[in-house]
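Asker: Handing you this structure, nothing more for now.
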Amino acid sequence: DKKEPDMFLLSECKAPEENEKINLGCLVIGSQPLKISWEPKKSSIVEHVFPSEMRNGNYTMVLQVTVLASELNLNHTCTINKPKRKEKPFKFPESWDSQSSKRVTPTLQAKNHSTEATKAITTKKDIEGAMAPSNLTVNILTTSTHPEMSSWLLCEVSGFFPENIHLMWLGVHSKMKSTNFVTANPTAQPGGTFQTWSVLRLPVALSSSLDTYTCVVEHEASKTKLNASKSLAISGIVNTIQHSCIMDEQSDSYMDLEEENGLWPTMCTFVALFLLTLLYSGFVTFIKVK
């Protein structure tokens, strides 16, 4: 008999304002071709589908939706329609507090980072003019139970103003095709700046050879160009679990995995997938365009 597919729901850990949009993700891994959907289908829901792909004997598919926070409710359900119907309803992460009236839930619990968060809001409160991006990272997405998911890279950038920004990916020898990656719309962060991310699907499976992929960020308003690269060698993986919120197959509650390196202490970054593995040889260079 075919094994029943595994199903994982993802949610932003940071609670949205009522007038904001929130990203939800549904990751399904199974031994047969899959057809999944988010329900209910409404005009206010924006979908992005990463097509089903087979790796190591399993089919993997990711469906991301962007929903208005004011319309978010427990009726949102990720459904496998093929080969056999299976459902998993969205559930508010425990880090959200329904006591708040202005938010769907309050801000994420910053734990030891409350001082840094307050400082960021204070020092950047009244921003005049352009602000150059200050944080740029590239990480590989993978899980210990499903190594086939190691075919994704995540690029995150934050601290810029205004919000207009351009992200692209460079491969080993050339620019990556736009069909291989998706970039989120910039969202506001404390202090009046913005942040965004881009996810790249690698065209081939990782091997023992060393390949380098680069995320290039161009912020025209501040005349700034950043790039961050990741050299991938499967033997060089160092597991570092970053902060994310995921509801797995065996549980009805979210796991809140705290980011070890504290790159973005004032927020919980939503990623298209869920467990980030930090590979060696990552570096960031800053180029100021005159």
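A Cβ is built for glycine as well, from the same backbone N, Cα and C atoms used for every other residue.
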Asker: C78 has a disulfide partner in Swiss-Prot; which of C13, C26 is it?
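Answerer: Answer per Swiss-Prot: C26.
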Asker: Cα of N75 (N-linked glycosylation site) to Cα of N227 (N-linked glycosylation site): how many Å, rounded?
Answerer: 40
Asker: Hey, what's the Cβ neighbour count for N135 (N-linked glycosylation site) at 10 Å?
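Answerer: Its Cβ shell of radius 10 Å holds 16 other Cβ atoms.
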Asker: So how many other Cβ atoms are close to N227 (N-linked glycosylation site), meaning within 10 Å of its Cβ?
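Answerer: Here the count is 19.
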